[in-house]
Amino acid sequence: MIYRWLLLVSCLLLALLAQRGAAKSSSPKIAPPTKIDHKPSSLFYFEDTDTVLMNTVNGDLLRSVDAGETWSVVEGDDGGMKHHVLLIRQHPYDNKKAYALGPNGRHWVTTDQAKTWASFNIAEFPAIRHYPLVFHGGDSSKVIFQGEECAGRYCIVRSYYTTDDFATVKLLRESTGGCAWAVGHPQFAEDLNLAEEIKDRSFCVVPGLKVPLPHANRLVYSDDYFKGNAEGTETKLQEGRPVSGVISTAAVKKFIVAAAKSKGTEELALYVTVDAKNWHRAEFDGHRIEEDAYTMLESTNYSLQVDVLTSPRSGMGVLFTSNSNGTYFTRNIEHTNRNSEGMVDFEKIAGIQGIVLVNTVQNPEEVESGSAKKKITSRISFDDGRTFQPLKSDGENLHLHSVTALRNIGRVFSSPAPGLVMGIGNTGNHLQEYAECNLYISDDAGVTWRRAIKHPHKYEFGDQGAVVIAVRDEGRVDKINYSLDHGKEWASVELQHKIYPTMVTTTPDSTSLKFIVVGSLKESQDGEHVIYSIDFDGLHERKCEEDDFEKWPARLDEHGKPDCLMGHKQFYMRRRANANCFVDEEFKDPQPIFEACKCTAEDFECEYRRTEDGKGCVIPSPLTPPEGECKKPDDKFMGPSGWRLIPGDACIRDGGENLDKEIERSCKDASSPSTDGKIRVTLQLLEARDYAQYYYLERQSSSSGSDETIIMLSSEHEVYVTHDHGKTWERPLKGEEITRVYLHPYSSDVAFLLTDGKEGFWTEDRGHTFKPFQAPAPPTQDRFLQVMAFHPVHKDRLIWTGAVDCHSGDCHSDAFIKKGRGKNWEPLLSYVQKCEFESRETRPNSTNLVYCEQFEKQSKNGRLQLLSSDDFFNDNEVQFVDVINYATMSEFIIVASRQPENPDSLVASTSVDGRTFARAQFPPNVQVPVQTAYTVLESSTHAVFLHVTASSTEGGEYGPIIKSNSNGTSYVLSISAVNRNSLGYVDFEKAQGLEGVAVVNVVSNVADVSKKVPKKLKTMITHNDGAQWMLLPPPTKDADGKSFGCSVVAGKGTDDCSLHLHGYTERKDERDTFASGSAIGLMMAVGNVGDHLAGGDEADTFITNDGGISWKSVKKGKYMWEYGDSGSVIVIVPESKPTKTIHYSLDEGDTWEEFQFSDVEVRINDISTVPSDTSKNFLLWARLSNSEVQDKFATFNIDFSGVRPRPCLLDENQGNSDDYYIWEPKHPFQENNCLFGHSEQYHRKKPSAQCWNDWRESHVHSIGTNCTCTRADYECDYNYEPQSDGSCALVPGLPKPDAMEICKKDPDTIEYWEPTGYRRIPQTTCQGGLNLDHFVSKPCPNKEEEYKQKHGISGVGLFFAIVTPLAVAGAAGYYAYSKWDGKFGQIRLGESAGTSQSFLSRDSWLVTVPIAIVAGTVAVARALPLLVTSLWRGASGFIRLGRGRGYSRPYASRGSFAARRGDYTSIVDDEDELLGVEDAELDEDDEA
């Protein structure tokens, strides 16, 4: 019996010993490693589970349900997932759902943590440039899937949606910028009771109504998946109005952010909303945001964090934090470190409010100058970024590698383990290279640090920080280090294989005792990988109890006491570092403990923004005092302080600060002196004798700020600058002799000021500062050549044409290139005439395409060749060997060269792609045996208007205007005998902003002109882009109410009685166009009523407000005019006679008021305003004589901003409102006002509305109707020409186009269409009706079976067939603000009047002072010739001092639209005939 008892006790002891040994092991358990053949591309845990998904680069999806111990390949129900998973995405708000996307249209979803997968089909490749999946923050069953189809740089995003986890899928809509849910995050609008209203709302970035270019994109929304209204409703982003140029949207916690950018500027506007209804533009404390130059950082529940790039060259930024509604941002810290991908060294410590780690650049000035590398230092904030301090380890400053040097997946420094922070870094003055650093750890949330292990390591936290592991991150390793006491002591465990570690991870909440380590067996990290699962469960024998925890304060103040943030202190119950236990609460996140604090000043924010001293708040709008108060200006009343408690702040009000209580305010604060109904005048007497040129630096609609900047060059070559439209002037470069000014045509804040030497100055901040620069050579001495050329995309890429060898007797022009900011000038080509970048958004692979005219054999006696190159002339191709000139107009490159068979005659050739040229085919009814001159007119409607000189007799110049097809090669006659002058300018002008409207003057007595009889001109107008023309209908009465001297037929012009207008060829200031791109439908002109155009002395001033359908006489005599506030103000001043009054109209010319601006009469030389005609300020350029001064140069600023009290209110949904009505242009020749397959509708302010437009861009309300197709929507196909009856017939001798070519080019094409002789014009949007281009379809070879299935053109096909060409062509009349520098116009190719010798002989002065490609119509309208000649290339340079006008005067008046015009030149009487401005290459800037 005793023996049995001893045996029993022995067994029990052995069992207990065995059990104790099992309870505590000496090292973690490492499961047998799993080998996989391919590199992992992504890995994630389903939250609060041990289930892991891993995607490999070969398309396999692996699943583990035991935290990585074992893995299996997911094949799907039918094996279709194997090798077909392109990428995986976890649902961010539902831990049961994930998505596997395939490359071939088949995708999969799981709703049970990858136990089962259901497939769904969307025949789209997942989007790469946009989010492929967009998740709903409130309903996890709602997901948007996005695929994209791209053609060159243009992409169409197709967004599909599901409301039932992809059991059903429907098309949401096509867009250009993708779609997103309004509720993009669970916190969005959660406290606003909007759940029902916005639960189905989605936003999409869609193309402009007329142009699919980024600057025209719109943000629309729908609450019913675009079912009820396919177009959706435009989002009112700014002051209740839509905004064009929206690039993208993003959901950031409780905010939605939209970014918009206008053409002509890199500046972005960020708009923010917290309720998906009310949006505000974010302000950044004076900083500007640029595209690809800001990063949305991890933000709090109550503010946004944004890092703004301030130094593109060196990668530094400024960190900003917003107020609670995201509208006003305060600067936190400067010189933050960024990389070229926009990643910022910034991380919030997980789980603890207010602690932020950032890296900054210690030596920003040296880095910016390029003389030193970055010296990076680390800083930490414990008060939400208000203040920063160094990290400390053993009394030294510590610096850590951060996001820009990310070496692992997940967060960089922290995890949900309370207070545990790790990083790779070093102590000293600044951060060293990664390999020279060590692993540091902090267990007090970054207050103090200690070195944990030498050398860099990958690391991870587990069991709420009770376990920390680290794997050395250099070379091959075969062990894992771990610590159980917050990194004080370390142990290690061996691995079976030596690996190059790529990932170290655990559950997202860091509560597990299990870790996964992934490594490659090869240093290249390709091919075979090993997965280790490490389990620490057996290292402690017990679970922590209450005494093992401490109440740990998450934040401490400067005195080491718990600190308050957002009205409370934060604590955690945290395991003590030396506790011999594990927390072992798997998947249970540590819970913070909050203790409320009394309110302090830090718990309040300004409703708008702080005052400059930071002590108070700016009130955003004038205060309204209580009724009965403010009987006197000096009275006081109780009003708001401007402060508010930060939403979500939990501070205790009793006994605390109360900054939001009402304060005593002066009644002066409640007045608004700027809206007192008065016009204000500011006179400035300038020291200069006169002005030679002036240039407006127009702000684009996405630009911040409100300055109205003008750079004026005086007759003494001194520079004057004003930022307030002439109210004050300054001389920033006093003593410097500036001879030329160039405005950057693609960046409206940039200007270059040149001298006659190598020295120059430039500004990139709108003339606030000027920096010197050194050119590679003095400017070319050929004053008709432009010195600078600019790249449309790479804004810092420049071409300089300089004078070389001028002291040796062989003075010629060489071209140099600067490839980017900070780069040196490099030689490009010698003996050149003109060099230009030919990169265009619509021209594939053209980024480096450059055209140059070069003299053959590098001799000025040689023929002029046209060369092209894609590698900056390391290699080049000769396009033409005997070119007269070339120019770019919209998408066309048009070249004038000598006919080989007849050198005295010219030939025009055209290219769209910049590679292949086709000879222009003139219509049979335009017979000009010797073609000596062309003028290429504006081409904004995807067709070239070309004036061909038929008579060049001095004083008798005229010729037909012909219009091309969409590739610029085949022409039809538009109108005959159009007037031109001896300089090549043509009386042709398109009405800006209106499709298809143009005005010309024709010679009515052609037969008599050949007999030296003076020309008799008649004015005609077209409303359908040149297809039909009519005489202008005259008004019934003149300005005095009297009848005209001819019989007026109401509403109709007759041969004996019609209105005739003085056109471009007669203008004193060629920039004064009839129309304005922002004042849609308005035109003003000087002319007369009769049977032909009379002399200037008989001229009166006329206006139309319906696009030229009807006209009204405004004033007797000749007046100059300007439009303001998009046409709601019109100011006129007498031309060529002294005055002290102006006349103005506030109702589109219906009534006129007189205003006296001066006590004495002055002579007005010019009147100007901002090029977009959106300002309320006008500037009179005058000469003043009074008792104090005699004949003094002066400017008068006339400010109308006080005339009206408020901005107009617009309801986009209703169209008509109290302030606006919907206006539809009339096209009298077209049925239902249809042109290009649609009718348009515009918002126009009611003339009676007492408010301001305050709109930087005119806005198309809608394409009112898409019309049915007619013959007018088709043109003749290639190799076909129009016949007398309007039909298209094959050109004799030419073959039919090979329709089957499409099958050869694209093997996937199923069918082709037999040619019919017609093709749809690119800009039409017509639907249905006449179908002339598709009669007979046939199957492609070997596609007969597929052909049997009916195929219609796809959505994207329709898009690119109908809409994309508009990107190239643009709709007529893009608003002033986005057209540039003489970019529209006439390109004159050819002769000079009055020469007796052969026009094209070598000795002809025309070749010596050669010939022009003249560009004319400014913006989409006017006939401002762009004379592109070998003597003049839009030179901003030559200054004519005699008339006070220089050649290069972009932005000088309404005629000089900022983004629509640039180098506008006056004609100097004694100069040779060929003048020019930059080629018209920006015509695509059409309205949204």
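The backbone N, Cα and C atoms fix where each Cβ goes, glycine too.
What you are looking at is a predicted structure, and each value in this text was computed from that prediction instead of being measured.
What Swiss-Prot says about this protein:
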- 24-1351: topological domain 'Lumenal' (TOPO_DOM)
- 63-72: repeat 'BNR 1' (REPEAT)
- Asn301: N-linked glycosylation site (CARBOHYD)
- Asn325: N-linked glycosylation site (CARBOHYD)
- 440-450: repeat 'BNR 3' (REPEAT)
- Asn481: N-linked glycosylation site (CARBOHYD)
- Asn845: N-linked glycosylation site (CARBOHYD)
- Asn967: N-linked glycosylation site (CARBOHYD)
- 1102-1112: repeat 'BNR 6' (REPEAT)
- 1144-1153: repeat 'BNR 7' (REPEAT)
- Asn1266: N-linked glycosylation site (CARBOHYD)
- 1373-1405: topological domain 'Cytoplasmic' (TOPO_DOM)
- 1427-1488: topological domain 'Lumenal' (TOPO_DOM)
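Here the features listed in Swiss-Prot are placed on the structure.
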residue: Asn301; record: N-linked glycosylation site; Cβ contacts under 8 Å, 6 or more apart: Gln187, Lys253, Lys254, Gly648
residue: Asn325; record: N-linked glycosylation site; Cβ contacts under 8 Å, 6 or more apart: Val272, Val274, His280
residue: Asn481; record: N-linked glycosylation site; Cβ contacts under 8 Å, 6 or more apart: Ile453, His457, Ile469, Ala470, Val471, Arg472, Trp490, Ala491, Ser492
residue: Asn845; record: N-linked glycosylation site; Cβ contacts under 8 Å, 6 or more apart: Asp870
residue: Asn967; record: N-linked glycosylation site; Cβ contacts under 8 Å, 6 or more apart: Thr910, Val912, Ala918, Tyr1278
residue: Asn1266; record: N-linked glycosylation site; Cβ contacts under 8 Å, 6 or more apart: Gly1237, His1238, Thr1325, Cys1326, Gln1327
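Same-chain residues lying 6+ beyond the ends of the repeat 'BNR 3' (440-450) with a Cβ under 8 Å from its Cβ atoms: 349, 352, 355, 357, 380, 382, 391-394, 398, 400, 418-425, 465, 468, 486-488, 554-556, 577. Beyond its flanks by at least six residues, the repeat 'BNR 6' (1102-1112) meets 991, 994, 997, 999, 1021, 1023, 1032-1035, 1051, 1059, 1061, 1081-1087, 1130, 1148-1149, 1225-1226, 1228 of its own chain at Cβ-Cβ distances under 8 Å.
Averaged across the topological domain 'Lumenal' (1427-1488), pLDDT for the predicted model comes to 28. Within the repeat 'BNR 7' (1144-1153), the DSSP-based counts of helix, strand and coil residues read 0 helix, 3 strand, 7 coil.
The DSSP secondary structure for Asn967 (N-linked glycosylation site) is coil. Secondary structure by DSSP for the repeat 'BNR 3' (440-450): 0 helix, 5 strand, 6 coil. Annotation note: Asn1266 (N-linked glycosylation site) sits in a strand segment as assigned by DSSP.
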